[in-house]
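The block underneath contains the structure these notes are about, expressed in structure tokens.
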Amino acid sequence: MSTITVDLATKKYDVKIDNTLHTRLGQEISAVWSARKISLLTDSNVGPLYLKDTAKQLREVGFDILELEVPAGESSKSLSVAGELIAKMAAAGFTRGDGVIALGGGVIGDLGGVVASLYMRGIAFIQIATSLTAQVDSSVGGKTAVNLGNTKNIAGSFYQPDLDLVDVTYLNTLTDRDLVEGYAEVVKTSALANQDFFDFTGQIKSVADIRHHAQELSKRAIAYKASVVMADEKEAGDRQFLNFGHTFGHAIELLAHGELRHGEAVAIGMIAISSRFEQHGIMPRGLTTELLSRLEAVGLPTHSHFIGTTDFFNHLINDKKNHDGILNLVALEKVGQPIIVKKKIADMPAFVEN
């Protein structure tokens with residue numbers, strides 16, 4: 001087992017990475033939490049696979065479990081669903097001494113974090129990440145948010161967990177598409193981190209390779225993200241680098257109305273922004289091709305007809321990274337050296353179209 005400690009000014013917690021954690025959840029969680037009520041939150045995809053066994057393990061070590069299941073998908077990542085969950089917890093008599101465990105992927109992690117942060121102004125929170133996206137990215141660092149209308153992640157807060165459990169065995173029940181979606185975030189992280197990690201993703205030539213190397217990929221991605229979060233918890237500086245590909249990606253994801261997964265949209269966003277930065281001499285020639293080869297090797301999409309449309313630019317205007325008409329976009333001077341490039345919203349059509 002690998003343990004990566006996230007040591008922040010206000011909190012310290014471990015991210016544990018292994019392939020047998022699912023067999024000792026009660027042991028791991030009871031080492032961090034005393035006996036209490038737990039709201040065990042999952043979705044309709046993960047629930048049938050893991051909810052009953054997880055609840056059983058937790059009850060065996062003395063926890064009182066409220067099982068909560070929501071429909072799978074982005075539609076559950078809303079204030080209305082969060083409110084319904086909070087109401088159920090209140091009806092069950094939850095107090096400030098109780099906790100929330102998110103058992104699932106990125107949507108459940110976000111939703112669970114929001115619920116934990118809001119209930120009685122904040123109760124304890126643990127992540128059990130079951131998707132590659134959640135394991136390597138969204139479960140680490142404390143970002144929690146829900147969507148409002150057509151704006152992603154607009155309502156939320158930074159709310160760190162007490163523990164983050166990453167068991168790559170959960171990935172065995174993911175479809176190839178679900179797994180590959182998360183791999184887009186791994187490629188992103190490898191480009192931001194260092195040449196050694198980037199070379200490693202260059203060796204991944206198939207979905208089978210992702211599955212075979214999942215634990216090492218997760219460990220490297222989490223180690224990099226943890227280092228960034230420890231240096232900049234609230235995204236005032238270097239944590240913005242983790243948004244590489246996301247400004248364009250979020251717009252594309254919203255315009256696709258569910259036809260594209262988050263990681264697929266991020267893959268498209270990375271190529272779209274990188275190719276334009278190359279054309280403007282901000283990124284080195286050939287780096288876009290290297291990113292492209294890693295993404296296409298596992299079947300990720302890399303182009304979208306939405307880029308450059310009026311609706312695309314409207315979503316950029318509404319992006320939460322828009323500060324007074326200026327977007328902070330992430331580029332790479334070279335692998336391992338990300339930078340922020342400020343672009344006026346008014347200049348984006350010319351930048352994108354050229």
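Any Cβ shown, glycine's included, is placed from N, Cα and C.
Feature annotation from Swiss-Prot assigns NAD(+) binding site to Gly106, Val107, Ile108, Gly109, Asp110, Thr130, Ser131, Lys143, Lys152. Taken from Swiss-Prot, the feature Zn(2+) binding site applies to Glu185, His246, His262, supported by sequence analysis.
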Given Gly106 (NAD(+) binding site) and His262 (Zn(2+) binding site), what distance in Å do their CA atoms have, once rounded to a whole number?
10
Candidates Glu185, His246, His262 (binding-site residues) - the one closest to Ile108 (NAD(+) binding site) by CA:
His262
How far is it from His246 (Zn(2+) binding site) to Asp110 (NAD(+) binding site), counting Cα to Cα, in Å?
17
Distant-in-sequence Cβ neighbours of Asp110 (NAD(+) binding site), under 8 Å, six or more positions away:
Lys77, Ser138, Lys143, Thr144, Ala145, Val146, Asn153, Gly156
With every protein chain in view, how many other Cβ atoms are within 10 Å of the Cβ of Gly106 (NAD(+) binding site)?
26
Measuring Cα to Cα, how many angstrom lie between Glu185 (Zn(2+) binding site) and Lys152 (NAD(+) binding site)?
17
Beyond Glu185, His246, His262, what residues of that chain have CB atoms within 8 A of the centre of the Zn(2+) site's CB atoms?
Thr133, Asp137, Ala184, Lys188, Gly245, Gly249, Gly263, Ala265, Val266
Taking the Cβ of Ile108 (NAD(+) binding site) as centre, how many other Cβ atoms lie within 10 Å?
32
